[in-house]
């Protein structure tokens, strides 16, 4: 049965609105290269309307509608949204799959996480009520001080195409739990499920303007949103190059930003491991989500004594991965998201080969798939640390391999990068794992696994992988400002100045 993609408009102030310039962008299914629909293309004029709607939502009834309402009221809406998503899970999963090429089983698992994320932040919204007016211990008993946590205000949420609904939720759920009003700008390459969230918000009666969804091109809708003077904070997930531009724009207005950017994460494999078990984790860490993960452990650093045998096993695992239309049962690798990204991935592989690297397996379109932006899982050896394939993010199913002889050498290879998002260490020596968890320069360290993420645990990087943390309590704090309230409690005058003479 054909999957129907609804023709949505922009979601602004609780209503569907045609873009002022009436522009639209075609949706291309990366598995078939066929147009499956289109999305509205917002411009500055539409962004202005969305920001105005968010401002009104914050201030309506002196905030009692949303920003100053109880956390328990906001939690009810978040749970209602979660319930609707759960109800529509199968439909949303298929839409996600044909929109961005994600294997259906992955898309459905993402939606389970979406539901759990809204429910988790509903709980934190309720807890926020009891944490208000937390007292501060002071050295002077003539003063009493406490803390208020208040929503930052209007927030711009700019999200990527590799986890369209899930990464939007990582931002939306905590922002709304905090009492902010948001404008979501998803990637133009994968906006379909994010637009469906607008319909869900209508169905649950979310107050107007609390969540606005503007789709469109980055240089039009995204840039207008990032530079808008009435946006109080920007949260961005995407490339380091775009993140740098957003940071520069925000600096002109001294505006806070949270950035989750690119990565070139290492996976360090020591000689004492179970080779088959670690081979699967290594393949999963790099090729999951079609290799399009910002935290992909795409630099394998393996002990020289096991390198030949281990890489041979990796090749067998990689060549056994089912590559197919993502809607097919058992698909474990779908297409790259777009033609431009597909060409970029192939160019990176070609560049590595021209620089002297060896393509052990993959590096091309699978023979059985004549259409779609498919790339076989690719393993590259004979790599030097100066090669582009070792230093720059590919965002495709490509693993580069180097060997090491000592623990110190492994650490130096792992940390020799501008990025610092994820990292993994594989060893049965837990003391060694502990040493590396401290030595690796990354926001996340996985021990004897790769890529697990949990709503309760912080997610984010260091160096050029950005700053700020999403998920867990840290995700909520992203959207809260801290206000100190201090009261003088003594009946005595302050007594700093000599009082004026009484005539």
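Each Cβ is built from the backbone N, Cα and C atoms, and glycine gets one as well.
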Given that Swiss-Prot records 238, 239, 240, 241, 242, 243, 244, 245, 294 as binding NAD(+), the matching residue among 127, 150, 393 is 393
In Swiss-Prot, Na(+) binding by 27, 28, 99 extends, among 184, 189, 197, 206, to 189
The answer, for which of the binding-site residues 28, 189, 294 has its Cβ ringed by the most other Cβ atoms inside 10 Å, is 294
Cα-Cα, residue 242 (NAD(+) binding site) versus residue 162 (site 'Transition state stabilizer'), nearest Å, comes out at 16
Under a three-state DSSP reduction, the secondary structure at residue 242 (NAD(+) binding site) is helix
Quick note, residue 244 (NAD(+) binding site) and residue 27 (Na(+) binding site): C-alpha atoms separated, nearest Å, by 28
Recorded positions considered: 27, 162, 242, 244; fewest surrounding Cβ atoms within 10 Å belongs to 244
Per DSSP (helix/strand/coil reduction), residue 28 (Na(+) binding site) sits in strand
